[in-house]
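The compositional bias 'Polar residues' annotation in TrEMBL covers 1-16. What TrEMBL lists as domain 'C2H2-type' is 1-25, 26-53, 54-81, 82-101. Marked as region 'Disordered' by TrEMBL: 1-23.
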Amino acid sequence: SQCGKAFSKNSSFVSHQRTHSGEKPYQCSQCDKYFSRTSSLIMHQRTHTGEKPYQCAQCDKAFSGVSSLIMHQRTHTGEKPYQCIQCEKAFSRNSNLIIHQ
């Protein structure tokens with residue numbers, strides 16, 4: 001492969017190859033945006049439908065993607081999995097760690 005990554009499934013390899021080629025074969029029927037993965041298209045389509053299938057069990061907030069739910073749940077648990085290697089300060093989001101550094 002171009003970058004040295006290996007995959008156990010051919011479908012995963014083909015999907016990854018699109019990060020190099022820029023190919024985006026999946027089109028939104030509502031706004032004509034294109035996506036490299038079906039999962040990205042499905043997530044995008046929820047911006048049109050308003051669907052939020054992932055619900056927090058603690059406060060009933062709902063989210064369109066599971067990753068958004070996981071980040072939200074950290075507000076309840078206090079989990080901070082991203083730690084600065086220089087000062088050991090921890091963050092709930094990787095983006096906040098990057099800003100800190």
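Any Cβ shown, glycine's included, is placed from N, Cα and C.
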For the domain 'C2H2-type' (26-53), the mean pLDDT of the predicted model = 94
Residues outside the domain 'C2H2-type' (82-101) whose C-beta sits under 8 Å from one of its C-beta atoms, at least 6 past its ends, are 71, 74-75
Helix, strand and coil totals (DSSP H, G, I; E, B; other) for the domain 'C2H2-type' (26-53) = 12 helix, 4 strand, 12 coil
Using DSSP three-state counts, the residues of the domain 'C2H2-type' (54-81) come to 12 helix, 4 strand, 12 coil
